[in-house]
Amino acid sequence: MILVIFLKNLVLVVVVTLILSIPICLFLLFSLKRYAKQLVYMSLPFFVIVPVLVNLYWFVTCTINATCSEKFPLGYRVLALVFVFLVIGLIVWIFVVNWSRVELTVRIIKVSADALSNNLGLFGVLPALVLGLVVYYVPIVVFLVFARLNGEIVPREKHGKVFCEWKEDSWVPAYYALAILTMLWSAAAMVEAQVYVISGTIAQWYFSKDDEKVKRGIRNSLRNAFGTSAGTICFSGILVAIVRIVRAAVDSAAEEDATGIVSLVLRCCVNTFLSAFEFLNKFTINFAAITGEAYCASARLTYELLRRNLLSAVVVEIVSTRVLAAIIFVLSAIYAIVVCVILQAATRLGVDSYFVAAVAFVVLILILGFLVHVLDNVIDTVYICYAIDRDKGEVCKADVHEIYVHLPISRNHNPQYLNARTPLLV
């Protein structure tokens, strides 16, 4: 009976959270568009206060509870309490060190939220792409299940006893490996396609006139993504999949007892190379979506563009990601606290209400994280569009130039003009 009540409340909370996530996302987006500075400055203290209160709450609760205090001795509780406070202090230190960039970051977020609010259709297209990937996975999974049925029963002897065992055909393991690699490649390509669609749509908004409304911007980006630039997306996807597989292998090797200076240097070099590739690849897709160039040409032109203009400004993008992460963490934590209070007052779940509230927190922060992921791609796209504008000596969005002009530029700035096709800008 208690389990039924728990599952009923859990399902109800998840469904309500999914429904409320839509107005919460829209509220957050339009708040960032109009009141980004106030929202950021209000959220930053909560980003410290909430973890501090949670840390103190669990410590006091565990101390009072006899079972918890018995299983978790006082010394370990104090060490955990101090460790969490050190982590909070590290977070505060990060914001203090980057405080000079917070004001500029707030303005960048505001511009990006404005760009995204003018292209709300992306929130319908991007989940549809994920749904299409799931539909694409269905026959692959079905074929994987049926592939295991290909084989025969053969006799085996072990410890003098004979028994029957199912032996798969020799091609089944190879098919499994091929199918899994295909699924990884498809997932990576779909992520790159989402970035391409976001970048292409935002670029059309950026290079349009202020009083001109972009028509069929998302449709044009989808047509290019799955048409002329499909090879670029697939090639980028397979490179990303390879990098992730290699990174997983390196991390797995690092968890083993592999010691020695040679192993350490090798892992460091591999991680540096992979991080550099991920950085370059991210802006490569943005540039390919804006100009229509092929992958290799986009990588070369993007590197030259950033080297001449804005390579040192990437730190601001990192700060914006942290600020947005702080905002969604605070909103999700407040929502989870409200859910917990309601459950404590309206139900008899007791301690289980904390678990249900934690599930609500996870669900909401995942959905808001998707919004932040889209905003991050919008920030990257506006960043590249401004770099192209600056490189050409043009001003398509004056308000963007007023903000991005405060970004530091590289010492190798050379006012050469970019020679690239721009089909989306016509």
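Placed from the backbone N, Cα and C atoms, the Cβ positions cover glycine too.
Keep in mind that TrEMBL annotations are predicted by a computer and have not been checked by a curator.
The transmembrane segment annotation in TrEMBL covers 6-32 (among others). Remote same-chain partners of the transmembrane segment (6-32), defined as residues 6 or more beyond its termini with a Cβ less than 8 Å from a stretch Cβ, comprise 39, 109-110, 113, 116-117, 123, 327-328, 331, 335, 339, 343, 347, 349, 352, 356-357, 359-360, 363-364, 367-368, 371, 375.
Residues or ranges marked as transmembrane segment by TrEMBL: 39-58 (among others).
Here TrEMBL flags 78-99 (among others) as transmembrane segment.
Sequence-distant contacts of the transmembrane segment (120-146) (same chain, six or more residues past either end, CB-CB distance under 8 Å): 25, 175-176, 179, 182-183, 186-187, 190, 193-194, 197-198, 201, 218, 222, 370, 374. What TrEMBL records for 120-146 (among others) is transmembrane segment.
Here TrEMBL flags 175-203 (among others) as transmembrane segment. Same-chain residues lying 6+ beyond the ends of the transmembrane segment (175-203) with a Cβ under 8 Å from its Cβ atoms: 115-116, 119, 122, 125-126, 129-130, 132-133, 136-137, 140, 143-144, 147, 217-218, 220-222, 224-226, 229, 232-234, 236-238, 240-241, 244-245, 282, 285-286, 288-290, 374, 377-378, 380-382, 384-385, 424-425.
The annotation transmembrane segment is assigned in TrEMBL to 224-246 (among others).
Marked as transmembrane segment by TrEMBL: 258-277 (among others).
Per TrEMBL, the feature transmembrane segment maps to 323-343 (among others).
Annotated transmembrane segment per TrEMBL: 355-375 (among others), in sequence order.
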Top Cβ-contact partner of the transmembrane segment (39-58) among 224-246, 323-343, 355-375 (pairs under 8 Å):
323-343
By Cβ distance under 8 Å, which residues at least 6 away from the ends of the transmembrane segment (355-375) in the same chain are close to it?
6, 9-10, 13-14, 17-18, 21, 24-25, 28-29, 32, 109, 112-113, 116, 122-123, 126, 198, 321, 324-325, 328-329, 331-333, 335-337, 339-340, 343, 349
Using Cβ atoms and a strict cutoff of less than 8 Å, what residues sit near the transmembrane segment (323-343) while being 6 or more residues removed from its termini?
9, 13, 17, 24, 28, 39-40, 43-44, 46-47, 50, 54, 102, 105-106, 109, 349, 353-354, 356-358, 360-361, 364-365, 368-369, 371-372, 375-376
